[in-house]
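Below is one structure, written out as structure tokens, with a few remarks after it.
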Amino acid sequence: MDPLNATGMDAFTAIHLNASWSADSGYSLAAIASIAALVSFLILFTVVGNILVVIAVLTSRALKAPQNLFLVSLATADILVATLVMPFSLANELMGYWYFGKVWCGIYLALDVLFCTSSIVHLCAISLDRYWSVTQAVEYNLKRTPKRVKCIIVIVWLISAFISSPPLLSIDSNNYISSQPQCMLNDDTWYILSSSMASFFAPCLIMILVYIRIYQVAKTRTRSMSGKEPRPDGVTQTENGLNKANSPCHGDRENGHCQCPPTPSQRTVTIGQQTDDADMDESFSSEGKGHKPQRQDSQRAKRPGLKKSSISKQSARISRVSNKSVDLFASRRKRRRSSIAEKKVSQAREKRFTFVLAVVMGVFVVCWFPFFFSYSLHAVCRDYCKIPDTLFKFFWIGYCNSSLNPAIYTIFNRDFRRAFQKILCKSWKKSF
């Protein structure tokens, strides 16, 4: 009888079954209790952390970018690992045999391969998305709509399902001959090598090569931008953002001042002056341009009131035109500065996102490489090299990876950190 159905049995029988269970698994009762507690905490942490990731992306404005849907799908895969794979792996590990039947064994193995493959294919798709966003920034950002990202996610899951389908057809039936059946993948060399290559090594190689290329492109752009930043000696920037060296003074100097080409606002004022002069029958002249005939002076002397009112009207018109020009120039400069600031914020966010994903990919490779390496080594030299059975426990390190992504987002990304704090504070306030 299974220990799980020990309800109503006397204490002696329960202790006896626990002792036999301990003997089958090779663990002591204390070790079984410790492992069960540790893995249970890992499952809970994985589920809660990845649910927070999903809620954060779907509710936070700072995380509304379409590419973050990849993280939602990746978090979903990690949640499914924690709920549909890890509990049965824990039971199989502690009991020492597979209790749940042959049919569920095939489904369990297929789901295990599916979610592992899905995680790395997601990371591969994310690396390609990063590469295209870096090399084809304008064109690709216009194409990268939520609908397009969702289509890519569906393709990722279909590829993962295709790779993970063989376990349903290739379960080793010899594992069920003994009284204590084992749930293991097909042990044939061809299957081990092909599944390892398709599920891990090939996507991992693509991912690493793409990120190396992203690093090279980013480094080249940084060098080119740093080469453009230095200004020539003697060049200063005026308040309106124009370089003095780019607007040289020319012509003769008058009264110690240099005659420079008029700025747009100055041109507008000049036009207003010309219009007013025409309205006043050219009664005014610029300073230093000579004198009009004496007859005009006598006419102006006869009309002092007209002269004062005309001067005030002209000054008002010039002031209005000048103010409009200054306001227009200031608004354009403000819009230009705001667009530049938005662009810098967007670029900084893209850089942070790329760095975080690089950390996620690196941690994934570190967690899963030991298992796939030992698994493939067993297929290649099973007759010549003895691999300890403990090496096949490395898949637990791979399972731990499912719980690490939320922690990585929290540590390395400010937007995720703020979103998590907001979600937790809201739930904390609602609970009181």
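Cβ coordinates are placed from backbone N, Cα and C, and glycine is handled just like the others.
Annotation comment: Swiss-Prot describes N5 (among others) as N-linked glycosylation site, evidence class sequence analysis.
The feature N-linked glycosylation site is assigned by Swiss-Prot to N18 (among others).
As annotated by Swiss-Prot, transmembrane segment applies to 33-57 (among others). Beyond its flanks by at least six residues, the transmembrane segment (33-57) meets 27, 63-64, 68-69, 71-72, 75-76, 78-79, 81-83, 86-87, 90, 93-94, 399-400, 402-403, 405-407, 409, 416, 419-420, 423-424 of its own chain at Cβ-Cβ distances under 8 Å.
For 58-69 (among others), the entry in Swiss-Prot reads topological domain 'Cytoplasmic'. Within the chain, the topological domain 'Cytoplasmic' (58-69) has long-range Cβ neighbours (under 8 A, six or more residues past its boundaries) at 126, 129, 133, 144-146, 148-150, 153, 349, 353, 415-416, 418-419, 422-423.
Distant neighbours of the transmembrane segment (70-95): 3, 21, 24-25, 27, 32, 35-36, 39-40, 42-43, 46-47, 50-51, 53-54, 57-58, 104, 108, 111-112, 115-116, 118-119, 122-123, 125-126, 129, 149, 152-153, 156-157, 183, 395-396, 399, 402-403, 405-406, 409; these residues of the same chain sit at least 6 beyond its ends, with a Cβ under 8 Å from one of its Cβ atoms. According to Swiss-Prot, the transmembrane segment annotation covers 70-95 (among others).
As annotated by Swiss-Prot, disulfide bond applies to C105-C183, with the evidence given as sequence analysis. According to DSSP, C105 (disulfide bond) is assigned to a helical segment.
The transmembrane segment feature in Swiss-Prot is assigned to 106-128 (among others).
Beyond the ends of the topological domain 'Cytoplasmic' (129-149), by six or more residues, the same chain brings 66-67, 69-70, 210-211, 213-214, 217-218, 350, 353-354, 357 to within a C-beta distance below 8 angstroms of the stretch. For 129-149 (among others), the entry in Swiss-Prot reads topological domain 'Cytoplasmic'.
Under the heading transmembrane segment, Swiss-Prot lists 150-172 (among others), citing similarity to another entry as support.
Feature annotation from Swiss-Prot assigns transmembrane segment to 189-212 (among others); the stated evidence is similarity to another entry.
The topological domain 'Cytoplasmic' annotation in Swiss-Prot covers 213-356 (among others) and rests on similarity to another entry.
Residues or ranges marked as region 'Disordered' by Swiss-Prot: 222-319.
Residues annotated as compositional bias 'Polar residues' in Swiss-Prot: 235-246 (among others).
Annotation comment: Swiss-Prot describes 265-275 (among others) as compositional bias 'Polar residues'.
Annotated compositional bias 'Basic and acidic residues' per Swiss-Prot: 288-300, in sequence order.
The compositional bias 'Polar residues' annotation in Swiss-Prot covers 309-319 (among others).
Helix, strand and coil counts from DSSP across the topological domain 'Cytoplasmic' (129-149) read 18 helix, 0 strand, 3 coil. According to its DSSP assignment, C183 (disulfide bond) is coil. When DSSP labels each residue, the topological domain 'Cytoplasmic' (58-69) comes out as 9 helix, 0 strand, 3 coil, counted as helix, strand and coil in that order. There are 23 other Cβ atoms within 10 Å of the Cβ belonging to C183 (disulfide bond).
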